[in-house]
Amino acid sequence: MAQAENACRLKLLRADVPVDLLPAGCSATDLQPAVNVKEKIEVNGESRLVQKKKTLYPEWEKCWDTAVAEGRILQIVLMFNQTPVVEATMRLEDIISKCKSDAITHIWINTKPNGRILAQTRHLKNAPDDDHPVEDIMTSRSNSGPGIQRRRGAIKHARVHEIRGHQFVATFFRQPHFCSLCSDFMWGLNKQGYQCQLCSAAVHKKCHEKVIMQCPGSAKNTKETMALKERFKVDIPHRFKTYNFKSPTFCDHCGSMLYGLFKQGLRCEVCNVACHHKCERLMSNLCGVNQKQLSEMYHEIKRGTHATASCPPNIANLHLNGETSKNNGSLPNKLKNLFKSHQYSVEEQKETDEYMDNIWGGGDGPVKKFALPHFNLLKVLGKGSFGKVMLVELKGKNEFYAMKCLKKDVILEDDDTECTYIERRVLILASQCPFLCQLFCSFQTNEYLFFVMEYLNGGDLMHHIQQIKKFDEARTRFYACEIVVALQFLHTNNIIYRDLKLDNVLLDCDGHIKLADFGMAKTEMNRENGMASTFCGTPDYISPEIIKGQLYNEAVDFWSFGVLMYEMLVGQSPFHGEGEDELFDSILNERPYFPKTISKEAAKCLSALFDRNPNTRLGMPECPDGPIRQHCFFRGVDWKRFENRQVPPPFKPNIKSNSDASNFDDDFTNEKAALTPVHDKNLLASIDPEAFLNFSYTNPHFSK
């Protein structure tokens, strides 16, 4: 395709048209633009403007391109019901002259007889020339990017704990707060407790599951709430009156202080409960009721009911007859200590770990335990809000691994303890799939958690695609096949990956791919009815159902897989926006642009993966195109050979040694490999000693 030196990308944002020029019942937002591109030609010695191409009808706030040539004129006509209202004429050369280098520029285009149009323009170079109609290169924002130039971090909204209609989120309280359930002070330097997003009730993390009353700010009326009302009939309203508190007092709902000198809040005449004026309508009808005792009683009854229903008759008889007392002395004292609350330290756990290995390992001797002193820190491979990933060497073995270092305080502050254990579980499970990064061992210090994983020195696909802009179809198909095998393995084990992207697909020394970073993974054990609800992922790869706040399943991974395939084939993202709002709007509403350089089979595969209905998306059972492995894009693929890693890779990364880090970004590898110490000793002291019990693990199935 021939190339032109200059091109102009335009986006019409809005029009300012005087009211007297608008037809009856029409506003400026009702006007529709029509674009004519005219060229100057010589006819019998006279210059005339001739329109050689069809009229374009671009949408507002959608990008479109046109090549710039000498004498070419752009005519924009704003119409209402096919009737012209105002028009503007401008030389394309004048438009690009106002652009600032390669940056996006906003300009006003004057219209006749009056008014103006706000447009966003950008000067492009090496665009298709005039041999191609303007409408052929008309694009939406999905084709407005210059290519993949940056690494994009994942986002995760705060985890919401829904209890009786309350939406509790871990919260950092800048001022002293008391728990509205147990009335105790909420200690801590980070996120000391949970606060409901609807009614602002504040509780300890340990108390949030004990809340028994329905959230007054929620419209929900769950079965549990109805059952609770039927059982306890708790509906005793308070008798509040304005009160002058003579000493510092805290609200029994939101937990914060009642400020002021006079009439700071309300107090119940019967039970002396205090609250802000603004919290009165949110106070539960629990006058004279001890919520903590009532909650304990309710949960005790609930536990007793479940225990009786679930225990087999012989087990129930053992409890009733007291026969279990015969075995009281058979439980080793060391094992009993595991169930006692004690101050945790890394050193004290070593003996317990070895003892547990003997018990569960069949007495064949303890599995070797690893700690930070066993490794030399060599280079930084990557960084994030969680901490770092470093290249390390196992001392005396000449073995190299990738060590992921997670800050304990950051994990606790973001309420991500459960996610850390899920990541550990998936890494252990990865030994059963050749396309997942394996765990070598995990351990901890007082400040950090460590995952030691196999070192994939081929680098990630983001690094390689930045070198050559895009992959050919054969190479893309190879990577896609191995990714499909990996995803289907995870889905078979009821795991949603949720963070598939170029950065997380790494190459080993032979050129085979492996998925890494399972910090966003979700297992069925912590999902509602097999569905997840957390808003998380990398913005460019997030599926429409996540953006809409709907419950979702494994289909989100196939949407991300479609974005990944598009980036490999085209060399840029399928959806674009200047900010997250524009990007998400593009994902929800726009159709990706498929260039002519990709095959029909690839375009058909991408279209099926970009199905906004998750049930019929390619990869899901209800997809009308059938199973993903039988799609025409994968015609001729021997899936058995792929599953066994028997297909030779089309590309082998250049690796000089086992410790070579040349396939990783210099921005990271040039940094000094060191852990950032936590200097705040009070912060370390506030960490729950039992938050990361039994985290240490050595994988007996690890294979290099």
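In case you wondered, yes, glycine gets a Cβ from its N, Cα and C as well.
Per Swiss-Prot, active site, proton acceptor is recorded for ASP499, and the stated evidence type is sequence analysis. The ATP binding site annotation in Swiss-Prot covers LEU381, GLY382, LYS383, GLY384, SER385, PHE386, GLY387, LYS388, VAL389, LYS404, and the record cites sequence analysis as its basis. Taken from Swiss-Prot, the feature domain 'Protein kinase' applies to 375-634, supported by sequence analysis. Under the heading domain 'AGC-kinase C-terminal', Swiss-Prot lists 635-704. Annotated phosphothreonine per Swiss-Prot: THR89, THR139, THR324, in sequence order, evidence recorded as sequence analysis. Here Swiss-Prot flags 165-215, 237-287 as zinc finger, drawing on sequence analysis.
The most densely surrounded of the binding-site residues LEU381, VAL389, judged by C-beta neighbours within 10 angstroms, is LEU381. Here the Cβ of GLY387 (ATP binding site) has 21 other Cβ atoms within 10 Å, regardless of which shown protein chain they belong to. Neighbours of the residue listed as 'active site, proton acceptor', defined as other CB atoms within 10 A of its CB across all chains, total 22.
The closest partner of THR89 (phosphothreonine) among the binding-site residues, by CA position, is LYS383; the full candidate set was LEU381, LYS383, GLY387, VAL389. Cβ neighbour count for THR89 (phosphothreonine) (all protein chains, 10 Å cutoff from its Cβ): 16. According to DSSP, the secondary structure content of the zinc finger (237-287) in residues is 3 helix, 13 strand, 35 coil. In this structure the alpha carbons, written CA, of VAL389 (ATP binding site) and the residue listed as 'active site, proton acceptor' are 17 Å apart. The secondary structure of VAL389 (ATP binding site), as reduced to three states from DSSP, is extended strand. Across the zinc finger (165-215), DSSP assigns 3 helix, 15 strand, 33 coil. Applying an 8 A CB threshold to same-chain residues 6+ apart, the list for LYS383 (ATP binding site) reads VAL389, PHE668, GLU671. When the alpha carbons of the residue listed as 'active site, proton acceptor' and GLY387 (ATP binding site) are compared, the span between them is 18 angstrom.
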